[in-house]
Amino acid sequence: MRLNDITRGTGLEEHGITNANLIYWTPPTAVLYEQIVKRGEGLVTHLGAVAVKTGHYTGRAANEKFIVDEPSSNDHIAWGKVNQPFDSAKFDALFGRMLAYLHGKDIFVQECFAGCSPDHRLPVRVITERAWHSLFARNMFVRATPEELVGFKPGFTVIDLPAFHAIPSVDGTNTETFIIVNFEKRLIIIGGTSYAGEIKKSIFTILNYLLPQHKNVLSMHCSANVGEKDDVAVFFGLSGTGKTTLSADPRRRLIGDDEHGWDNSGVFNFEGGCYAKIINLSPEAEPEIYQTTRRFGTILENVAIDTVSRRIDLNDDSFTENTRASYPITHIPNIVKSGMGGHPTNIIMLTCDAFGVLPPIARLTPDQAMYHFLSGYTAKVAGTEAGITEPQAAFSACFGAPFMALHPSVYAKLLGEKIARHGVSCWLVNTGWSGGPYGVGSRMKIAYSRALVNAAIDGTLNAGSFVKDQFFGLDIPTGCSGVPAEVLNPKNTWVDKTKYDETATMLVERFRKNFEQYRSYVSAGVAEVM
């Protein structure tokens, strides 16, 4: 049976789904709320958000992601630890069991787009067994109009079945959990995890494969906003480094908070929603994001809730530190409704330095920007991936290696060309530790990071003076309004200066060792940055 009183779309027979029970076709938020409550998937909170639990996985299952090894994509994929190959025949067998599992079950279907640019958007169909995952897809992707839903043809389909588990000895998976991309069949299958982030990041992987190759569009793991003078700022960074927080500025309009493309016209958001980390969120430091946790339509993942009063506690990390809010971007008051902007004036590369030796901000030359983009140094922040309980130093190419299907040099080449063509100012911002490493120093104050980013974007820092860092070769500003002068140079914040020198030297060596894999792909100027 199909509930088609909401809208009609193309049937599911093309996916092999023929024996489902009720099919909820592009249901609106209110209907999904009803189903979430009816099916015991979540609770409506005080003031109207819906709280859910993701179960065992409270972050991405990074080691359970695969790409089917098939002729159409084999030569293009950067195979390795991130992009693990999966046998085509085993995919077919596993998918066949998933179809059998769906027999007689209710399913939810959302039809939407990935990409705000009409020239580059990808039609996406998301099929889920849980109502709240359907709401997640509705929040996170670009909603289709009623006219666009008529005869909708998906370019890619996601089938997400958390209660279906693989059999590793039979299916060739590492565990019972799997996220498998099949470019030939234009299909993504997910099982054994309720963490909704797998849905959006799988589609991000698809765009990272398609757009650079076929459209010459740079796909970026970044947030973006625009000022009153139409000056666009792009913020690169891994989860937990501050992309969402620093780009949500009441004085600038938000283009998007996590995934963007950069084409010949400018930047555009891949998404129609935001997926913000909300642990210890405060109305004073992050008012725009805070108010979304009190809105109808927002999903609160793994947030503590009083089941009687339905009030939430954003400071409670008893389930995970990776508490999240998923909400449509329209919940943010100051946005670019089209999701598109011009070419960036400034690029901010965010890092969470667990060692506390990088400055809170530094100006980058074009060569340094390329080097740091390929390095993608940061820390794996607690809770962002399953099994991570405290920050760990890591290098993640393009500030998003887990989602990059092609070799990092493909993205770096496009970035370098665009920086040169448009004269973009580039900055490295450390939102991590100051005064010592994790466990000794303290996390950089959000207020300081905001002040530094604002001064970079409005040109104040460029107009001031700089000193050269002796270890990383970075230009460090000597002053910034709202930030104590001693904070700007990280060595000044350490009690043990000798220990700082030793730690900085160690990190430089880590940079050099990691960059060896890219030296043959870059110019001499980039290779000699460190």
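Heads up, the Cβ atoms here are built off N, Cα and C, so glycines get one too.
HIS221 is the only one of HIS214, HIS221 that Swiss-Prot places in the Mn(2+) site (with LYS201, ASP258).
Nearest by CA distance to TYR195 (substrate binding site), out of the binding-site residues HIS221, THR241, LYS243, THR245, ASP258, is ASP258. According to DSSP, LYS243 (ATP binding site) sits within a helical segment. Secondary structure from DSSP puts ARG324 (substrate binding site) in a beta strand. Non-local contacts of ASP258 (Mn(2+) binding site) by the CB criterion (under 8 A, 6+ apart in sequence, same chain) comprise HIS221, CYS222, SER223, LYS243, THR244, PHE270, GLU271, CYS274, TYR275. Maximum C-alpha to C-alpha distance over the listed ATP-binding residues LYS201, HIS221, GLY237, LEU238, SER239, GLY240, THR241, GLY242, LYS243, THR244, THR245, GLU286, ARG324, SER449 is 27 Å. The two recorded residues, THR245 (ATP binding site) and LYS201 (substrate binding site), have Cα atoms 19 Å apart. Separation of the C-alpha atoms of THR241 (ATP binding site) and ARG324 (substrate binding site): 14 Å, rounded to the nearest whole number. Of all the Cβ atoms in the protein chains shown, 25 others lie within 10 Å of the Cβ of SER239 (ATP binding site).
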